[in-house]
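Structure record follows, encoded as structure tokens.
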Amino acid sequence: MNRVGIDVDHMIGVLLLAVVVVFWVGASCLTNELLETNAYNKPFFLTYLNISSFALYLTPDLWRIIQSRRKSLQERTERTLPIHTQESFSEFLPLLSSTPSTSSNLSSIADTKVKDTMRLSLLFCVLWFVANLAANAALSYTTVASSTILSSTSSFFTLFLATSLGIETFSTKKLLGLFVSLFGIILIVMQSSKQQDSVSASSFLVGNTLALLGSLGYSVYTTLLKYEISSKGLRLDIQMFLGYVGIFTFLLFWPILIILDITHMETFELPSNFHISFLVMLNCIIIFVSDYFWCKALILTSPLVVTVALTFTIPLAMFADFVWREAFFTPWYIIGVIFIFVSFFLVNHRGESAVEKDCAAVEKGPILDA
């Protein structure tokens, strides 16, 4: 693959990330509306529902299996039919002798692919769930803008993790970006707390802590997913991967849902009216689509680029808070956001050698299924 091809892949990844940013801010607004207003304050169930819905990605595979079984049954039926002439039998015999071998090889390859994907999905479903649960729960205590901004610190967690795994190079400029971002975050959190007279400072502390926990979890599964794909040369089938993440989430976390209901920490109940049901389903659809785009963008770009893209959720989240909550932002709040923007430019700076290294790596062969 030439450098032009690489640029095209990268551009496609960036465009997908742009869609993801819009979708994620929209999902944050919907979740915030459900949780903070107590219209449907069920962060665990919402997370469980959103991620379990990924199982629907296996529908095409299930349909192909059904069609394959039907075709196989039809072929076995046809083989039992009487053959009227020796000539027709001799023409058909080679097909019969070659079919089992070919089918066996294809089946072996397919089984290996499914097992690798299932292993990867099982490994990441817990990280995925915990990170999303923390991010959703944070919206019960803080604003969309604060949650989104704090979640964007995953870029810095990603930098350290990716550097330790050899996926990313470390530089003084990127380290400077970390400190600039930290200063901006402090300004933003302080101003967010001052704006909310009706909510205690401890609630904001809980919300901000959960947002940071979600940020750390996000950076861990993003970096490790890219590492697993790159280091082992896996050809990731995104639909199958997400599908099994949904299946494992559904199977592993339903006991916790029951425990939360029994202990009254989060009672299980369906939405009480159409409006809430609509918001819940819309949020689920947004996550369903956007996380597919996110996976594709991760493969086409890099963990750091994907996490840096969260920067652009900040102005959108601020606008969402302005529209939904009639929030106001002090000059210090805006300055904090500017600091974070500057820090991401520093962290995302790449030299020519890094670009050439990526070119060489991609030319070795694609890892993305068409």
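Glycine residues also receive a Cβ, built from the backbone N, Cα and C atoms like all the rest.
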Same membrane side per Swiss-Prot: Asp9 vs His264: no
Leading stretch by Cβ pairs under 8 Å, where the reference is the transmembrane segment (240-260) and the options are 11-31, 43-63, 147-167, 170-190, 204-224: 43-63
Residue distribution over DSSP helix, strand and coil in the topological domain 'Mitochondrial intermembrane' (32-42): 5 helix, 0 strand, 6 coil
Interface-richest range of 43-63, 120-140, 147-167 toward the transmembrane segment (204-224), CB pairs under 8 Å: 120-140
